[in-house]
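Encoded as structure tokens, the structure appears first; notes follow it.
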Amino acid sequence: MILGTYDVASSNWSLRYYPNGFNYEAEANGYISIFLFETVETAPLARRYNLRSIINDMEPEVFKTLLHFMYTDTLPKTDEGALSATMAEGQIAAADTFKLAGLKKICEEMLCRRVDLSTVETSLVLADQHRCRALKAKCMEFLNSPENLKAVMANSGFEIVKKNCPTVLFDLVMKQMV
């Protein structure tokens, strides 16, 4: 699928998205490949550069939003007006991978507004894995309440926090001692 064609420095460039990867031998599932082609009017064939990135574990919608942000510095308009929490989580991971601080900040702020009993464990793990200080601080503030902390500790999601983010657990204990 061609996402766009651009004219830069007297060369035509096209951006193509292959949901199942680009493989001459066979179609492969589980990855997305990005290829950069330069088409020159005088060249008999398109010249293919060996610039290839394989992106694992990224949903197509996250990828499309990532590309939209790269070209416009904005998030695409949605019917709901904002990204879903799940989509924002995927965007933070992608933004962290591709060093897009602006996208990461927008998604982090969005998730900070949605911290509650149903999202706090996932948000803590995400904040720890992708170094989202504001999100981690918001989650820790939420867990300062003894009622919230007890409810989260009774939840099975807390086991995920203990297993994947021992530093977060240490921070929680230290915060309760102060």
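Placement of Cβ uses the backbone N, Cα and C atoms for every residue, glycine included.
According to TrEMBL, the domain 'BTB' annotation covers 54-113. Helix, strand and coil counts from DSSP across the domain 'BTB' (54-113) read 38 helix, 3 strand, 19 coil.
Positions annotated as domain 'BPM/SPOP BACK' by TrEMBL: 119-172.
Helix first, then strand, then coil: DSSP counts for the domain 'BPM/SPOP BACK' (119-172) stand at 45 helix, 0 strand, 9 coil.
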